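Here's the structure, in structure tokens; my notes come after.
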Amino acid sequence: MKIGIVGSGVIGLTTALELHKEYRNASITIIADKFDKETVSYVAAGIFRPGTAFSGPTEEITKKWIVDAYDHWNEIRKTSEASKAGITEISGYIFSSISESITRNPLIEDVLPVYRRATEEELKICPGSWKYGSFFTTLVTECALYLPWASKKFESNGGKVFHKKVNSFSDLYGDYDIIINCTGMNAKQLCNDRKLVPIRGQILKVDAPWLKMAYYGDYDTYIVPGFSSVTLGGCRNFESYDMNPSPHDTAAIKERCESLVPGLKTAKLKEIRVGLRPHRDPCRVETEFIDIPNKGVLRIVHQYGHGGYGVTTAPGTAKYATKLVKDVWTGYSRL
Ligand SMILES: Cc1cc2nc3c(=O)[nH]c(=O)nc-3n(C[C@H](O)[C@H](O)[C@H](O)COP(=O)(O)OP(=O)(O)OC[C@H]3O[C@@H](n4cnc5c(N)ncnc54)[C@H](O)[C@@H]3O)c2cc1C
């Protein structure tokens, strides 16, 4: 079987590794026009924490994606490869002065090893009059490390990589038996999908090696320590395509994060990153058969629209996409 994966972000690479586990003898090729630092995946803080509204096609499938994804990341976390792959365990607090529901997350409360209500004493850990809070233990996958690690593993498994922009999936007809579409935000044009919209995000990377816990506050405020820096966020600008760092967002992020953890006031700013989260409700993981006139049928498994939760969910949707590939291939080989 010849499989072509379009996309080399966290979704494409994670899927490539999953497919290789299932089809050792398949020829798997990644085709992409952007890699590593040029992808949205590189911008992510990488914390395993889906938004409560994240959706697959059904509640049952959504939950399975989350459980499979956590198990996958956690398996790598337990190996000697964990730090090379950029995966670590982290604990943190989420506080709110608005509503208890903001501090709860039914998608992961029974998946993470710890998710509990914060005590009265814990509500006073950070400045502010926090009324509600939760303490949790989760994972971080830092894409600055994970993408090169996964890429190296893919190539050492015999996978091939083409640096190329795909203008239409039909151009790939004949080269591959099955195409996996992991093009993130670009699927909007490639699939003419009006449901896929960008949610612009901006984060600051600061130097604060002393900070070991994650903190969330109201109004999209988050502080997530990674391997080489701490991520401060954030913002969510619906349907904004602006890739420029905004000085207003920088000031607002600094102010909100520093009032949550005042020690950050002295942290040196290392970098500002902007990315467009590929938001789609539901996230699209499904098969499509496209008729190419006078040629035949192009078989595609789409996998895009993970919004702000692509690092969290990648292994879950990749496993589901691999099952779809199996169904397509079984049908194909019977022809
Ligand atoms: C500020 C911010 C913070 C975030 N924090 C988190 C977080 O803490 N946790 C979390 O789970 N998620 C987080 N996310 C979300 C996460 O980054 C995305 O969901 C994820 O990166 C999407 O991955 P992807 O592989 O679909 O897309 P991308 O990383 O954008 O990769 C798309 C790939 O497709 C290729 N491609 C596209 N079109 C073509 C074409 N026509 N031809 C060839 N190649 C093509 C590109 O070259 C690229 O390789 C965050 C996002 C942002 C912006």
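Yeah, the Cβs are placed from backbone N, Cα and C, and that goes for glycine too.
Source: prediction; values computed, not measured.
Residues or ranges marked as FAD binding site in TrEMBL: Val166, Thr183, Gly307, Gly308, Tyr309, Gly310, Val311, Thr312. Mapped onto three states, the DSSP output places Tyr309 (FAD binding site) in helix. Counting every protein chain shown, the number of other Cβ atoms lying within 10 Å of the Cβ of Tyr309 (FAD binding site) is 23.
DSSP gives Tyr222 (D-dopa binding site) a strand state. Within 10 Å of the C-beta of Tyr222 (D-dopa binding site) there are 22 other C-beta atoms, taking all protein chains into account. Here TrEMBL flags Tyr222, Arg277, Gly308 as D-dopa binding site.
The domain 'FAD dependent oxidoreductase' (3-324) scores a mean pLDDT of 98 in the predicted structure. As annotated by TrEMBL, domain 'FAD dependent oxidoreductase' applies to 3-324.
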Structural state of Arg277 (D-dopa binding site), classified by DSSP into three states: strand
Those binding-site residues in Val166, Tyr222, Arg277 whose CB falls under 6 A of ligand 1, listed in sequence order: Val166, Arg277
Neighbouring C-beta atoms (10 Å sphere around the C-beta of Val311 (FAD binding site)): 28
From binding-site residues Val166, Thr183, Gly308, Val311, the one whose Cα lies nearest Tyr222 (D-dopa binding site): Gly308
Euclidean distance between Cα atoms of Gly307 (FAD binding site) and Arg277 (D-dopa binding site), Å: 5
Listed in sequence order, residues not in Tyr222, Arg277, Gly308 with Cβ within 8 Å of the centre of the D-dopa site Cβ atoms: Ala44, Ala45, Gly51, Ile199, Gly201, Asp220, Gly233, Gly234, Arg236, Gly307, Tyr309
Most crowded position, judged by CB atoms within 10 A, among Thr183, Arg277, Gly308, Gly310 as binding-site residues: Thr183
